[in-house]
Structures are given as structure tokens and as C-alpha cells.
Amino acid sequence: MPLDHPIIFLLPNAHFPLWLVVLCGSCSLAILHYIVEKEPPKNEQIPAVVIAFVMSVFWISTVAGELLNCLAALGVLLHLPSALLGLTVLAWGNSVGDLVADVAVAKAGQPAMAMAGCFAGPMFNMLFGLGTALVIQTADVFPEAYQLHFHTSIVVAFVFLILSLMGSLLVVTWCRFRVPRFWGFCLVSLYIIFIAVSLVIASFSF
């Protein structure tokens, strides 16, 4: 069975949604635990944290899937390529949390940690996130090769990404591992140029 096969969550021999049964059962158990237990658990904290982490991953995956569907519908309505939406709207929504967190960490007196977070977050998304997705997709279509949908905006994004990374490496090394203020303005200007170039390419694609 392919991985994208639709799954209907219904009880056997009934047309009652399974998610409603799970929701009612979970809420009932949570209320019962809140009434019975008067003190916080001592030995069950680690399993509860692990279960909460796993459930948060599933919720994030579900919300991300719905977000991608909304972006695809928006692209169809506005006649915009999916690559452009991914480089703009999806990228902004995915990076706002990292932006706020890194700025807060830098203002708290930890600029090295904020700098590391700026590079470690996208690296994790690209290596682990994209790598895992490609492994699953290629395993689904094996032995055939999975063909990526080529778009010029993706090539432009990689070019600007390489320019920013190589420029940061050279400037930070030249300044004895200090980040000058002018380089921050250069990076912001580089991103504005990238957005402008992507919009121009998208306008000429139709």
C-alpha cells in the first residue's frame, strides 16, 4: 500500500469517527486524573514528557500538512508556482519563531548561541527533515527514481544561500570571528534582492 493512501478513521461496523472516541476517552481520563491526584507525579514525569513530545511531533506534522494544502490552494487561485510560495510565505512562517528566539537570546547576552542557532536550525531542516522526506518518498516509489519538480526559483535560492554562507564565512574569519554591523545590513539587503529576483522570475514564468 502506498504511503499516501487515504485512511478512514471509523469504528468497525459503525460510522462513528474514531477521533471522537479517542478525544472523549482522553478528556475523561484527564479529568479523572485531575480529580484523584492531589500532588504532582514523582515517577511518571519522564514518560509523560516523552508522550507529550511524540504527540507534539504528530500535531506539528498534521498542521504542516494542512498548511501545505492551504498554500497549494492559494497557489492555484492566484496562479503562483508552489516553489515561490515555499520560498516566501512558508519560509516566513517557518522562520518567525527562530527569528524571535535568536533575537531574544542575543539580547540576553548570548550572541554566540544565537549565531549558532541561526545556522543550526536551517541545517537540521535541510539535512534531517529533507533527508528523511526523500528517504520515505524514494522508498515509496522504489525501484523507480523519484523525480523532483525543477523550478528556476529553487536554483536562485541555492545561489543566494551559497553567497550568504560563503560571505559570512569570509567576513567573520577576516574580522577575527566578530560579526560587524555592516555585514548584518549586507545580509538583509541580500535577502531583499533575493525576494525581488524570485518575484521577477515568477512574473515571467506565466
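The backbone N, Cα and C atoms fix where each Cβ goes, and this holds for glycine too.
Annotated in TrEMBL:
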- 50-199: domain 'Sodium/calcium exchanger membrane region' (DOMAIN)
- 16-36: transmembrane segment (TRANSMEM)
- 48-65: transmembrane segment (TRANSMEM)
- 71-92: transmembrane segment (TRANSMEM)
- 113-136: transmembrane segment (TRANSMEM)
- 148-175: transmembrane segment (TRANSMEM)
- 182-204: transmembrane segment (TRANSMEM)
Six or more residues beyond either end and a Cβ under 8 Å away: which residues meet both conditions relative to the transmembrane segment (148-175)?
81-84, 87, 183, 186-187, 190-191, 193-194, 197-198, 201-202, 205
Other than its close neighbours in sequence, what residues sit by the transmembrane segment (113-136), given a CB gap under 8 Å and a spacing of at least six beyond its ends?
3, 94, 98, 101-103, 105-106, 146, 179
